[in-house]
Amino acid sequence: MHYYRYENAEVSFCYKYLMFSYNIIFWLAGAAFIAIGFWAWSEKGVLLDLTQVTRLHGFDPVWLVLLVGVITFILGFAGCVGALRENICLLKFFSGVIGLIFFLELTAAVLAFVFQDNVREWINDFFLANVKAYREDIDLQNLIDSLQKLNHCCGAKEPDDWNLNVYFNCTNNNPSRERCGVPFSCCLSDPAVSNLIPYSSHFLLQGDWINYIYIKGCIPALEEWLPRNLYIVAGVFIIISLLQMMGIFLARTLIVDIEKVKFNY
């Protein structure tokens, strides 16, 4: 077996600081996401009473912010320190996790395409579960309101889905002043400034709903939105994939350079 020694082997200055610059952005972004997540929890009083986390029956968007922040922060830290300290273990950890995330993204995309009906049903159940928890969390409420306003939709499949919420439920023994109604985000115009929008939509005939509220469900609206914006979605996916592959390339190239230097000495 022949061993070859590299003359004047050294770690590439260019790759080393490209790797550092690439990761410092994600490291700072991760720290910002974590700070925003804890700030949102502090505003809701969760940090003073952590049992609120387990009592919420719907989806708390803060969890997603914190999850993205923690993963981004850890990867940014591993990439920055691994590059500056020329630490092979940290660089392998960085490239391995990025590769795993890339693989999971591809797998999720393929499974979503193959099992479209199952995914559609899961999204419907998820949306209905959060309709029930609409008033339990202000961030969840704002998220649903934004989704309904942007897509001009109401409920998962139809406005009647809001009958599942205890505040909007149309039973006679419901004491809520929102009984038989829908959230303001379902209305065609702002009910606060227009007396043409009835507060209780269920008191109207369904044929009259079209004059006052959005009658299309959010899942059908999203299904219509996706084909119209397919190129944008594909472009975002390609950009994310290229950034991930660039990170893997920089990390693996740096690892090879470091191993060459160690072998030379």
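Quick reminder: no glycine exception, Cβ is built from N, Cα and C everywhere.
Please treat TrEMBL annotations as automatic predictions, because they have not gone through curation.
Tertiary neighbourhood of the transmembrane segment (20-41): same-chain residues 47, 62, 65-66, 68-80, 83-84, 94, 139, 246-247, 250, selected by CB-CB distance under 8 Å and a gap of 6+ residues from either end. Residues annotated as transmembrane segment in TrEMBL: 20-41 (among others).
Residues annotated as transmembrane segment in TrEMBL: 61-81 (among others).
For the transmembrane segment (93-115), same-chain residues at least 6 beyond its ends with a Cβ under 8 Å from one of its own Cβ atoms are 23, 75, 78-79, 82, 237, 240-241, 244-245, 247-248, 251-252, 255. The transmembrane segment annotation in TrEMBL covers 93-115 (among others).
For CYS153-CYS186 (among others), the entry in TrEMBL reads disulfide bond. The local packing around CYS153 (disulfide bond), expressed as other Cβ atoms within 10 Å of its Cβ over all shown chains, amounts to 25.
Look at TrEMBL and you will find CYS154-CYS170 (among others) tagged as disulfide bond. Of all the Cβ atoms in the protein chains shown, 15 others lie within 10 Å of the Cβ of CYS170 (disulfide bond).
Taken from TrEMBL, the feature transmembrane segment covers 230-255 (among others).
Take the CB of CYS154 (disulfide bond) and look out to 10 A: across all protein chains shown you find 26 other CB atoms.
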